[in-house]
Structures are given as structure tokens and as C-alpha cells.
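Participant: So TrEMBL lists these for the protein:
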type	residues	note
ACT_SITE	Ser290	active site, nucleophile
BINDING	His130, His239, Glu476, Tyr515	Zn(2+) binding site
DOMAIN	38-544	domain 'Neutral/alkaline non-lysosomal ceramidase N-terminal'
DOMAIN	547-714	domain 'Neutral/alkaline non-lysosomal ceramidase C-terminal'
Amino acid sequence: MQPLKKDWVASSVPDSACSCVTNLLFIIIDSNEVLANYLLGVGRADCTGPVADIPLMGYANPDQVGGGLLTRLYSRAFIMADLDDSRRVVFVSADIGMVSQRLRLEVLKKLKSKYGELYQHDNVILSGTHTHSGPAGYFQYTLFWITSKGLIRPSLNAIVNGIVKSIDIAHQNVRRGRLFINRGTVQNSQINRSPFSYLANPASERSRYSSNTDKEMVMLKMVDSNGQELGFISWFAVHPVSMNNTNRLVNSDNVGYASYLFEQEKNKGMLPGEGSFVAAFASSNLGDVSPNTKGPFCVNTGESCDNPQSTCPVGGAAMCMAMGPGNDMFDSTRIIGQNIYLKAKELYEKASQEVTGPLSSAHQWVNMSDVLVELNATHTVKTCKPALGHSFAAGTIDGVGGLNFTQGNLEGDPFWDEIRDLLLGEPSNETKDCHKPKPILFSTGEMTRPHPWHPDIVDVQIAVIGSLAIVAVPGELTTMSGRRLREAVKREFDSHGTPRMDVVIAGLCNVYTHYITTYEEYQIQRYEAASTIYGPHTLSAYIQLYRGLARAIATNTVQDLPPGPEPPLFNISNLTLVPALTVDRVPVNKTFGDVLQEVRQQYRAGEVAEVTFVGANPRNSAENATEHNFLTVERYNSTSDSWQVVKNDASWDTRFYWTKGLFGRSNVTIEWHIPHDTELGIYRIRYFGHYRKNLSISHAVSFPFEGTSSAFEITAP
């Protein structure tokens, strides 16, 4: 149908009615124009990196070294702009432990080289989902090197390139569209893992809330002006630690599984990682929030260890661990992820409150070790140089420490203090006094070799899209800390003529500074408080800073904000204790990809098909192919006499295990946990790898290879 023309309208109706009819027709004709408030773009890209032979990031357990792949890690990017494209905001949620300062600085540098001044530190928010099962090694501060074994360039490059690529894809797909917001309660998916700290908050404050965790999910839905679904960002507070610290498979944990389910549903017929619909489950104020809903139990006796120190009568703190709702960690990940997905699906389908209004963003760098905080008209306090308390080493009920430190320690330990003084130096009296009642284990703000151990310069940032304010926080706020910060920002907007703002906390953004507890929780010194590195007034400092950003946005004075001191970018290219890649070798009379243990001839749905190959180090693939796929499950199509890929290594029901042997030998085992709805037929499993070979004494090259199982049949139960 040809579009109506204005001259037709004018000549086809009486003059008296011309103006009215013309306006009506143009509302209809230009409905696409009317049904758009923003320019929107979404993108997703792989950021997995090496999946084996390097430490995983999150539990700070040096023994937790990657040994394969459960699900791939993705960066999900969302670009929002005013219709006249005068202002843009980028929000990225990446399946990584947290965003490091090094990572952010390298991403911004690449964006500047591609796009000039379009995407900068003030309008780009990078947030980590906080999975504890992703590769480590992308930090420039020394503390994180201890369990990460330094700065691992392949890990860092994979994340930087994945984030930039996801933004590239979103940038290329920008179109006119609409935003809708919705919110709702997620049940049976979280507990407070430090309830005794939470109880230290004023009773009058606690009485305003029905739970000691934030159960609300906030959903930002995106559709284009033709009604095509683009994707969404949701924010919900839960730690992605359903996979515990015994896990060796790289994966995106419970929130990643929720993304997987939603994207598989919307990108019908596509393999995981493919398709245009992008579903991000971003982190929020998850600091004291665990998905291990059965709570803490002594693993040796089965009795509860839900006490202020999280200790067991036999074995102490090391025996006290929280359990998820499932039969094992895989099952718990599935259950929690599905709960989150189902609530998101409901909120997405019912989202009808439209977001309208201009975009803006505000950003400052702040020296968080030296912020003067005005508590009231007569009292000021200061933040401290970074330091970690003794209870930091205790870990949590989601992942305990290894040396029997306990949570809630207000005294310290002379034995460990003496060792610290000998090896690292004694904390200054100034730092000790500033952090009270925290007994300092590591005075990281006074440790500078080979580089500073913790950041001083920190990003604070708010992005506003119409009635939605995204508060990008560089760490892990506890439940009550998040509530206080949200309220303070909302009040600031209210008092400066911008009422009824929806304020969400985006966690693990831009630079990692551990935890942020309330002042009252800090006095209890459980793990989260011991890890509040800038001292007891950290939250008050952040509230003051974010109020300043909100005020500047509300009063249109962002340009007057001082940018603050720029963070350093240390001159480190690759400094790691991860062993260098060596030549891969095979057993006698074998070659890479040969089958060592075959599949069975038949399986039923619900069973596990398993095959073992002569393998090679998966790091070869990560360092030689940008988005290498390690496996496929393929179904035989008799009509076309061809094999069709039905699963890949990002599929939830496939598992890729790498076992390191002696003298450069290794095996790869691939499992396919056959879903109950699998189509009957003939299948096979394929493995794709790279082996490393010396061409000369000083020159090694990686060569691709593949292996294929025998065909097997899936039969009816």
C-alpha cells in the first residue's frame, strides 16, 4: 500500500475539515514516528576467554583452577539515546566476576579509537554479573594477583574485546524504539547470609521492610518502533554462587542460566549465543544476599551453623557452608536461574509503564581514601586508606576461607598479625584508628609493591533515562546499604524538581572496591564489613557523592561537576605465574581427536552420553581463535543426508571437561545430559581443539584438529 500524500488529503476533503482530517491522518500515517521515544540498540558478544589451566575469579581460592566449560560467558550491551541523538547512554552487563579498573580503562581506550568522543567514561556503565566461575587475571592492583596468579593477558583481552564487540553490535543496530519499566517480587531465590549484621541496623529502619533481602526485580523492556522485541535489562540482588568453590567449569551461574533460558525462548531455532534478542540479568545490591536458600549447615555433622561467627562445634568455620535448593550445585543453579527467569518473563510480558523523558549522565573520579563526609551540620568524618580486616580471610557461608579465620572477629589474631608484620609491614596507627573496630589483617592502602594493592581513585556514576536513574556502584552494597543509597538519590531528585524517579542500583561497576556495609553492620565485622575497605563511613561517603551527581543532573549543572583525579593505568603488559603453554603430546599410536572411550550405541532421554578424546590444552584455542567452539552435538537428517548442529558448548546440557596429564598429554571428556524433550533419532558428538607444536627451538604454533564420536541413537523411554 502506497503512503497517503498530503496533496491527496488536501484535495479530497472540504477546506473546513481539512486541518482536522490532515492531523488525524498524519497521526495514523506516522504512527511509527509517534511510537518511539528513544533510539535503542542491543548487542551480545562472547567474552569467555581461556577455560582451563588458569584460576577462576570470585572465591579467591588458588586451588580453583579452570578445567573446562559448562556455559559461555557473554557481554550484553544496551545503547539508549535521545531521538535527536544528542545524548547517549551505554549499559553493559558482562558475565564476569566484576569490572576491574584496568578492564574499564582498556575498553574506553578502544571505544575512543573507534568512535571518538561518542562513548566516554561519563556515559558508559560497565557492570559485572558477579559469577564466581569466570577466568581471573584482569586486574592491575596487586591484591587480586595473589589468587589470580597475576595479570593474565588472554583473560583480559577476551573480556575487553567481548565488551567492545557487544557495544559495536548495539551501535550498528540502533533504531527508533520504546522503553517500558516493570517491577515485581522474586520468591524462594535468596537469603541474607549475614543476618546478624543486618539486625544491627536500627529496628525502626528494619520495620519498614518485610524482608532482610531486597526481593524486587526491576525490568527495563526494549522494543523498536515496529513492535519488534529487542531485549531487556533486569536488576535483581542475588549472588551468582550457586556453583560452589569446588567447581572447575567456566560458567555464568544462576543469572547466566536465566539469560540463557530467556534468549533461547526469544531466539527460536538458534543456538545459544545466536539471535538478536538480548536478555541481561544484571547485579544489584547483592553484598549479603546468597542463593543458597537451605542456609548454613555443618558439612560434617548436618547441624545448623547459623550463628554470629558461622562456626561449627567440630571443625570450626571451615565446616560451615550454605546449601542451595537442588541435589547438587548444577541443580541449584538451574532452580534459582529458572525462578529468576520465570519472574522476568512475567514482568516482561506485563510491562506497560512507558519510560519517557530526556537522557543524562554524570560521572566523577573520587579519591575514596580521603573523602570528608558531612554527617550533619556539626559532625564531619573521613574515609580511610584501604584495608581488609581479619574476617575477610574467613570468607562466607557461600565459600569459606582456608585457614579457619572466623567472621565477626573484633580482636584480630596475634599469630597472623606477627606474620603480616614480618612479611608486609605493620599498619600505621592512623589507619588502625580510622578503621576501628576493624582489626586490620592487610593494610592494602599502605602497600605499594610491585604496584598499589588497592585502588584509591574510584568511579561514581549515575545515568538517567527518562524516569529511570541507574546508580552505578563500584562494589557490593549490602541490602540495607542499597536501600539507603536508593532513598537518598530519590530524595535528591525529588527535592530538585524531578519527582517519581525509579532508582536502581547497578552493582560491580567500573572498578572493584569489595563491599559497602552500613555503619551499624560495620561494627559487627562479619566478612562483608571486614571487606568494606574504606572504613566505617564508606556508605555515608558514597551517599554524599551520589547525591551530588543526582543534584547536578536534576539542576542541569553536570558540566560544573569537577571530573576528579584520573585513575592510573599501570605499565603492565603480562605479569603472571600461570605456566607458559607447552607442546601438546599424544599417547603412542594415537593422534589428537582420537576417541579413547566411546559412546554407547543407544541412550534414552534423561541419560548422559559421554565420550573421551585425546585432547590438547584448551588455552591454545582461546589464544588462537576469537570465539572458538569446543564441541557440537549433531543430529542426522536422513532427508538431506547431513548432520545438523543442535547443541554447542554454550548449551546448558553439555559439559566440556579437560584433564591434564603428564608430559604434555591431556584428555577431553564431553558429556551431553540428554533433555527429556529431545527428538528421537541418530546423533553424534564432535570435539574441536588446537594442539601446540614446536616448529623450532624458539617458535611454537597451534594447529586445529577435531574428533568425532560414533553415531548413537536416542530411543523412546
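A Cβ is built for glycine as well, from the same backbone N, Cα and C atoms used for every other residue.
A TrEMBL annotation is a machine prediction, not a hand-curated record.
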Participant: When a 10 Å sphere is centred on the Cβ of Ser290 (active site, nucleophile), how many other Cβ atoms does it contain?
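Facilitator: Ser290 (active site, nucleophile) is surrounded by 23 other Cβ atoms within 10 Å.
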Participant: In the same chain, which residues outside the set His130, His239, Glu476, Tyr515 have their CB within 8 A of the centroid of the CB atoms that define the Zn(2+) site?
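Facilitator: Near the Zn(2+) site, beyond His130, His239, Glu476, Tyr515, sit Ser283, Leu286, Gly287, Val289, Gly475, Gly507, Leu508.
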Participant: His239 (Zn(2+) binding site) has how many other Cβ neighbours within 10 Å of its own Cβ?
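Facilitator: Other Cβ atoms within 10 Å of His239 (Zn(2+) binding site): 26.
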Participant: When the pLDDT values for the domain 'Neutral/alkaline non-lysosomal ceramidase C-terminal' (547-714) are averaged, what is the result?
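Facilitator: Looking only at the domain 'Neutral/alkaline non-lysosomal ceramidase C-terminal' (547-714), pLDDT averages out to 94.
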Participant: Please report the Cα separation of His239 (Zn(2+) binding site) and the residue listed as 'active site, nucleophile' in Å, rounded to an integer.
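Facilitator: Counting only the Cα atoms, the answer is 5 Å.
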Participant: Within the chain of His130 (Zn(2+) binding site), which residues six or more apart in sequence place their C-beta under 8 angstroms from its C-beta?
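Facilitator: Same-chain residues close to His130 (Zn(2+) binding site) (Cβ under 8 Å, separated by 6 or more) are Gly58, Gly97, Met98, His239, Pro240, Ser283, Leu286, Glu476, Gly507, Leu508.
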